[in-house]
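Copied from Swiss-Prot, the annotated features are:
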ACT_SITE  H135  active site, proton donor/acceptor
ACT_SITE  K162  active site, schiff-base intermediate with substrate
BINDING   E39, I40, R41, R73, R203, Q228  3-dehydroquinate binding site
Amino acid sequence: MIHIGQLDLEKKAAVVAVILEKSLEISRKAAKMGADLLEIRLDLLGIRDLETAAETIRKVKSETGLPVILTNRSITEGGKWEGKEADRIELLTNLISLKDGPDAVDIELSAGREARDQVIKAAKAHGKTVIVSSHDFSRTPAFQEMKTILEEAFLAGADIAKLAVMPQSRRDVLNLLRVALDAREAGNAVCTIAMGRLGKHTRVIAPFYGSVLTYAAVNSEVSAAPGQFQVDEVKKILELLE
């Protein structure tokens, strides 16, 4: 069973609200909008110390009752973390080791193997779900290359392999959906996203091709990636299509 906290992802895809500002206020709003999960983006929130991060996660979980994905995205993968890589990894590792810490952690496939393994080992030891992610903001890799990326994520220890790409054509989008479907039919949990205008519809379509997570914004003016709908919009469209 694939789950994050007590949320069973085998039943249906979860809508993840990306928290990138005013953490407690926006988290409450996301919960009211119907979010299933919260992604706490430490890099976008500007949180760099363990105490503040731990308190933020504790309050958000207590106030909303929703499971939390912890992300501290590197600049090379589209994030805003500007500190040392060792500090980024240490912060992730320490937070996922806390009893009342996050329920899942996102670590990039591109992170150095030693650093990536450190985060994954800590997560597994504390029963936390591991998301191994890969982001390409300039293109969509070829079909077989995308399959290989997901395979490498699972070999690295992913419970969920996440792949976000920038399509240049409708064919790119179709290939991504094919990759998601193949992975799901093979029994693997994936999250696949085509960003930007061409891929915007995948945020509500990909769940029907095997994607177990779809990310959404809480405020329309502020989003973490191009093409994100708002949480309530995604929930409504998914309900109409189910």
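Placement of Cβ uses the backbone N, Cα and C atoms for every residue, glycine included.
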Is it possible to get the count of other C-beta atoms within 10 angstroms of the C-beta of R41 (3-dehydroquinate binding site)? 24
Quick check for the class: what is the C-alpha distance, in angstrom and rounded, between the residue listed as 'active site, proton donor/acceptor' and Q228 (3-dehydroquinate binding site)? 15
Students should find that the Cα atoms of E39 (3-dehydroquinate binding site) and K162 (active site, schiff-base intermediate with substrate) sit apart, in Å rounded to an integer, by 14
Return one of helix, strand or coil for R73 (3-dehydroquinate binding site), based on DSSP. coil
I'm trying to understand the geometry here, so how far is the Cα atom of R73 (3-dehydroquinate binding site) from the Cα atom of the residue listed as 'active site, schiff-base intermediate with substrate', in Å to the nearest whole number? 13
Measure from the CA atom of R203 (3-dehydroquinate binding site) to the CA atom of K162 (active site, schiff-base intermediate with substrate) and give the result in Å, rounded to a whole number. 13
Give the number of CB atoms, excluding that of K162 (active site, schiff-base intermediate with substrate) itself, located within 10 Å of its CB. 25
For the recorded positions R73, H135, R203, which one has its C-beta crowded by the most other C-beta atoms within 10 angstroms? R203
When a 10 Å sphere is centred on the Cβ of Q228 (3-dehydroquinate binding site), how many other Cβ atoms does it contain? 22
Taking the residues the record says bind 3-dehydroquinate (E39, I40, R41, R73, R203, Q228), how far apart in Å are the two Cα atoms that sit farthest from each other? 20
